[in-house]
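J.: Mind having a look at this structure? Questions to follow.
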Amino acid sequence: MQDLTSAAAYYHQSMMMTTAKQNQPELPEQEQLKCPRCDSPNTKFCYYNNYNLSQPRHFCKNCRRYWTKGGALRNIPVGGGTRKSNKRSGSSPSSNLKNQTVAEKPDHHGSGSEEKEERVSGQEMNPTRMLYGLPVGDPNGASFSSLLASNMQMGGLVYESGSRWLPGMDLGLGSVRRSDDTWTDLAMNRMEKN
């Protein structure tokens with residue numbers, strides 16, 4: 001009986017080895033090819049391009065460039081050509097949108113004095129500022145510190161210290177009370193009486 005189990009184990013092990021050998025693709029032995037650019041024999045095989053056996057990729061250690069056997073030679077600079085952005089001293093069009101624009105226009109009262117109109121682009125229609133009742137288009141840019149200085153009174157909403165509602169978590173209309181007994185329908189941006 002013991003001979004039968006050992007024979008079965010041997011048969012199973014030999015079948016597993018045969019199956020493992022069949023699953024591994026036999027890769028051809030890679031020879032040292034000459035570089036098509038500089039004809040240097042100092043090359044090495046890297047990998048198969050996209051795991052395709054018909055497109056082996058090679059690297060020339062002399063000119064430090066890659067090529068695919070049978071592929072077109074591309075004029076790629078040494079080092080692969082980087083896409084790093086250069087540090088530019090000039091301003092780009094996108095940075096001009098972030099800067100303040102100042103337009104001078106004459107006074108209509110005829111006094112000859114000129115006033116400057118300042119506006120910060122991107123702040124005119126800020127939905128977060130509208131949601132919390134902060135001034136929209138404020139050139140001074142009311143900040144979070146100015147909100148704290150106002151004792152958390154956001155556009156007439158008063159934060160109750162006993163509730164667990166925090167600004168920014170949700171609307172929390174059950175734990176927020178208006179000082180003048182009206183509430184704001186934020187979706188329609190209109191005032192209604194209770």
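Think of each number as a place in line: the chain as shown, counted from 1.
Each Cβ is built from the backbone N, Cα and C atoms, and glycine gets one as well.
Swiss-Prot feature annotations, pasted as is:
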ZN_FING   33-87  zinc finger
BINDING   CYS35, CYS38, CYS60, CYS63  Zn(2+) binding site
REGION    74-125  region 'Disordered'
COMPBIAS  88-99  compositional bias 'Low complexity'
COMPBIAS  104-121  compositional bias 'Basic and acidic residues'
J.: Other than CYS35, CYS38, CYS60, CYS63, which residues of the chain come within 8 Å of the Zn(2+) site, judged by Cβ distance to the Cβ centroid of those residues?
T.: PRO36, ARG37, ASP39, SER40, ASN42, THR43, LYS61, ASN62, ARG64, ARG65
J.: If you count, for each of the binding-site residues CYS35, CYS38, CYS60, CYS63, the other Cβ atoms lying within 10 Å of its Cβ, which residue has the minimum?
T.: CYS38
J.: For CYS35 (Zn(2+) binding site), just give me the three-state DSSP call.
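T.: Where CYS35 (Zn(2+) binding site) sits, the three-state DSSP reduction gives coil.
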